[in-house]
Amino acid sequence: MLTLIKNGLVYQAGQLQKMDVLLQDDHFAAVGVALAELSDADRVIDAAGKLVTPGFVDVHVHYRQPGFTQKETIKTGSLAAAHGGFTTVGAMPNLDPVPDTPEKMEQMQALNQKDGVVHILQYAAITKGRRGKEVNDYAALKAAGAFAISDDGNGIQSAAVMYQAMQHAAAANLPLAEHIEDESLLFNGVINAGPKAQELNLPGMLDLSESSQLARDLILAQRTKVHYHACHISTKESVALIRWAKQQGIRVTCEATPHHLLLTADDILADDGNYKMNPPLRTRADQAALIAALADGTIDLIATDHAPHAADEKAGGFCHAAFGITGSETAFSLLYTKLVKTGQLTLPRLLELLTSAPAKAFSLPTAGTIQPGEPADLAIFDLQQPSQIRESAYYSKGKNNPFTGEQIYGITEMTFVSGRLVYQKED
Ligand code: DOR
Ligand code: ZN
Ligand code: ZN
């Protein structure tokens, strides 16, 4: 079947241009101007005035299956991704069982394949059971389908374990994605240490927990030559360290989340668990450093850290709620509304951070681009009509999102994965 998407504002090779895109069955057949006149399409979609972009790539999501399906399943998580325009995701391994052997990795791959409506790349764990003690067999995990390794949810506390993990990951040529957190500097905190923690009378977690461990990791990465990916960096010190590491030629990439780019601790107006995540919301100075680092390339990509939890798990305020908020369904519209429409980031750069940049960082040759012959992964957005984020519109089982109710631009109209329509806005 031939599908023609005509007259859209197409993001292609770093530029936005009015073009047509032709999909044939599961792959792109052509992209260019005036394809409409040549084609004999079975289906024509008029995208005039709409944004047409390669499907987004989110290298950091939590799908909770197996083990925690009250929070999310592969089906609901991937439907949420499709709703947000994401067509490729990297799923974290804080699951039960943890994918830490080739057998478990293969089972995970089969589940993702069976239930996912988007392309799901699976992280394997860095250490056995994610306990931070014994490193896994990365070559075997890679052979079983792992695209990268992470113990996300926890940092690797021991420098010796991290050093060994990096040596093995470098040998297997697998990216190591680290949740950077020195637990000895947390002091049972639930919110960033600072004035807001004092105002709400909550225990604070030090920002140094992130930056001091990042400094350690960068020095270890320099020696081991691993591809080290820093997850969800959130402090100005982390930004400075990554900038330094890149100048030294250390093989490092990093991500920032929409919530750390768009919110600070000042936005927490009450003891509300929907503002609790790890790392926590930081200061305005941290936020400003992150936004500047998006523009100058220090931050490589945006990833959501989509972390759904059940309503009862997010109840009871900061002291009782689980860490984490959802992100897949609101990421683009929020970033477009709050960073692009306000002039802090250009639309092409935002699109790069969500498409070709993550694909490049994780060496995913067919993702994040509209290329003839490659899988037809694409999303269409309406940039004109304002809309409200409604909880009833979420496909995720997790309703834990502090942006619910906000007025946004840039809602998703359609998402295609390998030529299949996996999301369509209801009229
Ligand atoms: O807020 C978070 N939630 N941070 C993490 O590192 C883990 C995640 C989760 O799994 O819920
Ligand atoms: Zn994390
Ligand atoms: Zn995470």
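In case you wondered, yes, glycine gets a Cβ from its N, Cα and C as well.
Marked as active site by TrEMBL: Asp305. Using a 10 Å radius centred on the Cβ of Asp305 (active site) and all shown protein chains, the other Cβ atoms total 29.
Its own atom aside, the Cβ of His60 (Zn(2+) 1 binding site) has 27 Cβ atoms within 10 angstroms in the protein chains shown. For His60, His62, Asp152, Asp305, the entry in TrEMBL reads Zn(2+) 1 binding site.
Packing around Asn278 (substrate binding site) is summarised by its Cβ count: 22 other Cβ atoms lie within 10 angstroms of its Cβ, all protein chains included. Look at TrEMBL and you will find His62, Tyr63, Arg64, Asn94, Asn278, His309, Phe323, Gly324 tagged as substrate binding site.
Secondary structure at His232 (Zn(2+) 2 binding site), as computed by DSSP, is coil. Within the same chain, residues at least 6 positions away in sequence whose Cβ sits under 8 Å from that of His232 (Zn(2+) 2 binding site) are His60, His179, Glu255, Ala256, Thr257, His260, Pro279, Ala303, Asp305. Annotated Zn(2+) 2 binding site per TrEMBL: Asp152, His179, His232, in sequence order.
Annotation source TrEMBL lists domain 'Dihydroorotase catalytic' at 49-238.
The domain 'Amidohydrolase 3' feature in TrEMBL is assigned to 343-423. Across the domain 'Amidohydrolase 3' (343-423), the DSSP tally of helix, strand and coil residues reads 17 helix, 21 strand, 43 coil.
For the pair His309 (substrate binding site) and His62 (Zn(2+) 1 binding site), the Cα-Cα distance reads 10 Å.
What surrounds the Zn(2+) 1 site, by Cβ distance within 8 Å of the Cβ centroid and not counting His60, His62, Asp152, Asp305, is the set Val61, Met92, Gly153, His179, Cys231, His232, Ala303, Thr304, His306, Ala307 from the same chain. Candidate binding-site residues: Asp152, His232, Phe323. Those with a Cβ under 6 Å from ligand 3, in sequence order, are Asp152. Across the residues of the domain 'Amidohydrolase 3' (343-423), the predicted structure has a mean pLDDT of 98.
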